[in-house]
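Data block below; observations after.
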Amino acid sequence: MFSRFHALFLLLVLSVRTYKCVSSSSSSSSSFSFSSFSSSSSSQTLVLPLKTRITPTDHRPTDKLHFHHNVTLTVTLTVGTPPQNISMVIDTGSELSWLRCNRSSNPNPVNNFDPTRSSSYSPIPCSSPTCRTRTRDFLIPASCDSDKLCHATLSYADASSSEGNLAAEIFHFGNSTNDSNLIFGCMGSVSGSDPEEDTKTTGLLGMNRGSLSFISQMGFPKFSYCISGTDDFPGFLLLGDSNFTWLTPLNYTPLIRISTPLPYFDRVAYTVQLTGIKVNGKLLPIPKSVLVPDHTGAGQTMVDSGTQFTFLLGPVYTALRSHFLNRTNGILTVYEDPDFVFQGTMDLCYRISPVRIRSGILHRLPTVSLVFEGAEIAVSGQPLLYRVPHLTVGNDSVYCFTFGNSDLMGMEAYVIGHHHQQNMWIEFDLQRSRIGLAPVECDVSGQRLGIGS
């Protein structure tokens, strides 16, 4: 989720209780040390399996924006001295990690971190270099509160937000003896697009390229994930190198960096260059200028594990929508309701009966390929359509095209969501400033890593 997003519908839970440490050439277990990740020469990686949980969609308050998010990745770990169990959303689009903080009389307040119970908790004063210089990438500048502590406010496009003080604390990772002292936000106020689900998550683990992100503070050279999209084996997150002999060679696309701040360009996001869109191998007639960020930074393309679907700027979305609609004419029946726009951004939907789904109708859909410099993501079959929960017309279910219109969100960017990254090995190579992509079967890869069924 890039820094303006917070996903809440389908929850992918990372279970840290089942740590696996594997070498680059085998899947055998071995002891794990986090310090080994400070160098790209490390031959060890940490693998965390994913779990899924379906979250109801009918609790969203009416005063929030129509757009809301659908998927979060969370990790369970312990923080403080003595350790307190917490769960954090893994967000590749956010920088500052934060915990929901609450000073409670309970010995272990549910889904809250109590700083008063930790002897290692250390608040950051607003006069510190951390507060004055390392928060410059925040959308809202850090400020000084009445206690002269560094105060941070984070906000998202779905009207969710969190605010509190920056602090340093010890984060414990599994059985590792190499615990790390990290800067994070101790948030006393958290407001989300689904209050019921907000209470189930302690905080957020920022994974973008900002100086205060978890990945930057820990010094990881690389991390990868593979999402299968199935309940039996949802996938995994891998921290460290992925030079496995059995892994399909990755195609790399460079990460884009700019030196001059621009109002609509997120400089710490994982930004790549979208060069075109293909339908069944044929490039759509889209002007190249529409795919390149303009002088304000609007139009960047971000790869985001925290956003479920893919969003395209209006002209590009319109071109793809029109072409896909023409190619599915005679195959699918359009859902004719001019007032219905799924999640406020997806307005191309279809009525499909269970019988037609079982007959394999989705395999007849045209393949949509997102073309980048040096790599592609091809989306075909089931991932092209998403079944709208609890909406039926007669015996038919309603399925919507899984590409949305960024303009309807008021967002000046392209976002490649994880729904279209299913069964792809996605590697974030921070040392060489690039993203690697390769189609794989995530369940098979998980088995090779010793975590699949």
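Backbone N, Cα and C atoms are what each Cβ position is placed from, and that goes for glycine too.
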Query = Between N251, N395, which does Swiss-Prot record as N-linked glycosylation site?
reply = N395
Key: Between D304 (active site) and D91 (active site), the C-alpha gap once rounded to whole angstrom   = 8
Key: Secondary structure of D91 (active site) (DSSP, helix/strand/coil)   = strand
Key: In three-state DSSP terms, the structure that N85 (N-linked glycosylation site) belongs to   = strand
Query = Which of the recorded positions D91, N102, N243, N395 has its Cα closest in space to the Cα of N326 (N-linked glycosylation site)?
reply = N395
Task = Taking Cα atoms as reference points, rank the recorded positions D91, N102, N243, N395 by distance from N85 (N-linked glycosylation site) and give the first.
result = N102
Query = When the pLDDT values for the domain 'Peptidase A1' (73-438) are averaged, what is the result?
reply = 89
